[in-house]
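Right, one structure below, let's go through it.
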Amino acid sequence: MKTEQAQPETGANSFAAMNNRIGRVVAEAVGRTLRDRGVSRMLIALVAAFAFFAIMRPQIFLGPINMQNIMVAAPEVGVIAIAMMLAMLTGGIDLSLVSIANLSAVTMSTLFTMMAASNPATGQSMTVPLVLIGLLVGAACGLLNGLLISLVGITPILATLATMQILNGIAIVWTGGKTLYGAPAALTTFGKTALGPVPMLFIVFILVAIVIATVVRSTALGRKLELQGANPVAARFSGIPSRSVLIASYTIGGTLAGLAGVLFLCRNPTASADYGASYVLLVIVIAVLGGTNPNGGFATVAGVVLATLTLQVVASGFTALRLSPYQYSIAQGVILVVVMILDTINWSRPKLRKPAVTTDSASLQTTQVGSIKKDKEQE
Amino acid sequence: MQLLRKFRGANNEGSLALILLVVVLGMSLLNPVFFSVNTAFSILRAATVPMILALAVLLVIISGGIDVSFPVVAIGSAYTAVTICLKTGFDPGLPAIFGMAIIIGGLLGLVNGFVIAKFRLPTLIVTLGTQGIFFGAMLVYVGTRYYPSLPASMAALSAVNVVELTTGAGRAYLHVLVLLSIAIAIAIWAVLKFTMFGRALYAIGGDVEGARRAGIRVVRTQLLIYVLVGMVAAIGGVAYVVMSRSANPQDLVGGELDIIAAVVLGGASIFGGRGSVLGTVLGVLLIQVINNSLLLVGVPSAWLRAAVGLLLILGVGVQAVSARRNSQRIHTVDDAVEAAGPELEKVS
């Protein structure tokens, strides 16, 4: 009924097209429901959120500007969320990702300003090396995390909490707490260009998602990451080199965070130590909503991409409805808690009967591990 | 050896105290200005609010959880209480304001505890969600206004000092709320040490399933933990508002990881089952002393964050390495006898 009322405002064609699209999406969602919990529920949430705001405020929400805004804003959060997903896949967490992204952006901006000061032309011509340096900063920070976690043996949450403080501190000292201006024009132009209706930034995001999805799904490294997260002890005794797997995981995550720093600069030629401080917790929310198991072992990139889009749709929908960002903060929390609760309700029945069995197998496992350890020691 | 082990304490409190002592001594030698009553009082004053919040977090961490919503609970309940007083123009007096904030904090904690205990969800994720909900709800339904002046009774409290001394370097004040943080520390220490609830916290943190089979009511205890955390956090929030002499709803929020870092530095295990009030107090003090001394030495305040991070890596790294070394050691029966020490000998 409501769609019919809205029809004269937007034109029948676009609505028919949208209906078609929704119809197809729903059919696909239903087909996937049994296969993939994170993907399916996020698909449903995305469609529901989209439909809700499209019906409430079709003129503003469905306008091309809003659609573009969603696609331009999503990549930087989404790329960090994918990095967070990688850390969570191995059963860890990476709180330092946003600090890494900021440090990478600050490094690029500082180097660019330095070069541009001596000769504006060389500054502009150095775009590609600058981007590489940004990624390298990210990779180095990620490697540091990986070493602390795997070699020193610090718990991921504490190691990355510490590196978050350190990297953020370095960025604050470096910038003096101020916002830096200056980025290669090529990056800014890249941030503004679009392929048809789709901004380049969004294409980068999708490419990153595809690459990481392929790595997780069809490479040996991806399988090792999953096994490491599912059961570290079992992984160790099946000969998975947990150290190098963890180092690889955090280094890739750091590199992605460095890429997010590049995206920061593409969207806005400024860099500061405190940019996106609220992202730290937001990306955890996205990763969990996207079906990542916080205890490790299970994650889908598609789910994370959909969760990113859903939250972005809700955010822009709230703006379209003239609701405050604080109300968005409430919505974000409610979505997270409700989704988590719905999950347990679906899963609680088989779980209730399980404990006796699972604990037995767990204790069995530890005794086995113990005996293996003893054997080793006797040797 | 026995003495050394005893001094180190169960959670490295001894080493922490030693580091604290070394820093204080080193600073005093480097800069005689440091070693003064003024410095000590200002460090205590700066440590008051972090201390109360850290003690709240300690309870959660011992139970094997992690709470990131406590700064919002703290400032939310204090700000709400202040707003109610200012909006109605009625000042009910200090105990009533504290009581109001504690009730609000307890209710918010109840929400956390209910979701966590009832649905057995990961605590980090739940409190992330409730953090957003509480924060948004406070700003939408209570207000976003910054109140530069407080109700008369609170404003009066902010000027009360326990000790006022005139030293060579000027007048030194010890704020009355320092006593409050000490009282809370003692209370929580007593709860952890002497009550069944306290032992249940350690048991749940050690192994939930084990605790359940030992007859501990896990759900009820968890509910109680989060209610208690909300209440302690609310006290911290009121203390913060009183000491800053203004109420700003955006304050404190975002500092949750700093407080957690202090608690972990104090020897609490992020996996639960380990942690002590003494360690937490030392951890908070160490961070404050280091902050203060870095400033005195002339290190820019921007480095403070990095310093805390570095401290955390050192503290946790040393523990991780020594834990690994312990696990690699071959344990024999003689070893166990020696470790158990006199108690075992007494038995035999």
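Every residue, even glycine, has its Cβ placed from backbone N, Cα and C.
The structure displayed is predicted, hence computed values, not measured ones.
Copied over from TrEMBL, here are the features:
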{"type": "TRANSMEM", "residues": "B:16-37", "note": "transmembrane segment"}
{"type": "TRANSMEM", "residues": "B:43-62", "note": "transmembrane segment"}
{"type": "TRANSMEM", "residues": "B:96-117", "note": "transmembrane segment"}
{"type": "TRANSMEM", "residues": "B:124-144", "note": "transmembrane segment"}
{"type": "TRANSMEM", "residues": "B:172-192", "note": "transmembrane segment"}
{"type": "TRANSMEM", "residues": "B:223-243", "note": "transmembrane segment"}
{"type": "TRANSMEM", "residues": "B:255-272", "note": "transmembrane segment"}
{"type": "TRANSMEM", "residues": "B:277-296", "note": "transmembrane segment"}
{"type": "TRANSMEM", "residues": "B:302-321", "note": "transmembrane segment"}
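Spatially, the transmembrane segment (B:302-321) is adjacent to the transmembrane segment (B:255-272); three or more Cβ-Cβ distances between them are under 8 Å for residues at least 6 apart in sequence. Most Cβ pairs under 8 Å to the transmembrane segment (B:124-144), among the stretches B:43-62, B:96-117, B:172-192, B:223-243, belong to B:96-117. Here the transmembrane segment (B:277-296) does not lie next to the transmembrane segment (B:96-117) in space: the count of CB pairs under 8 Å, restricted to residues six or more apart, is fewer than 3.
If you count C-beta pairs under 8 angstroms between the transmembrane segment (B:172-192) and each of B:16-37, B:43-62, B:96-117, B:223-243, B:255-272, the highest count goes to B:43-62. Highest Cβ contact count with the transmembrane segment (B:43-62) among the listed stretches B:16-37, B:96-117, B:223-243, B:255-272 falls to B:223-243 (criterion: pairs under 8 Å). Among B:16-37, B:96-117, B:223-243, B:16-37 has the largest number of CB pairs under 8 A with the transmembrane segment (B:255-272). Beyond its flanks by at least six residues, the transmembrane segment (B:96-117) meets 65, 67, 69, 73-74, 76-78, 80-82, 84-85, 123, 126-127, 130, 134, 151, 153-154, 218-220, 222-235, 237-238 of its own chain at Cβ-Cβ distances under 8 Å.
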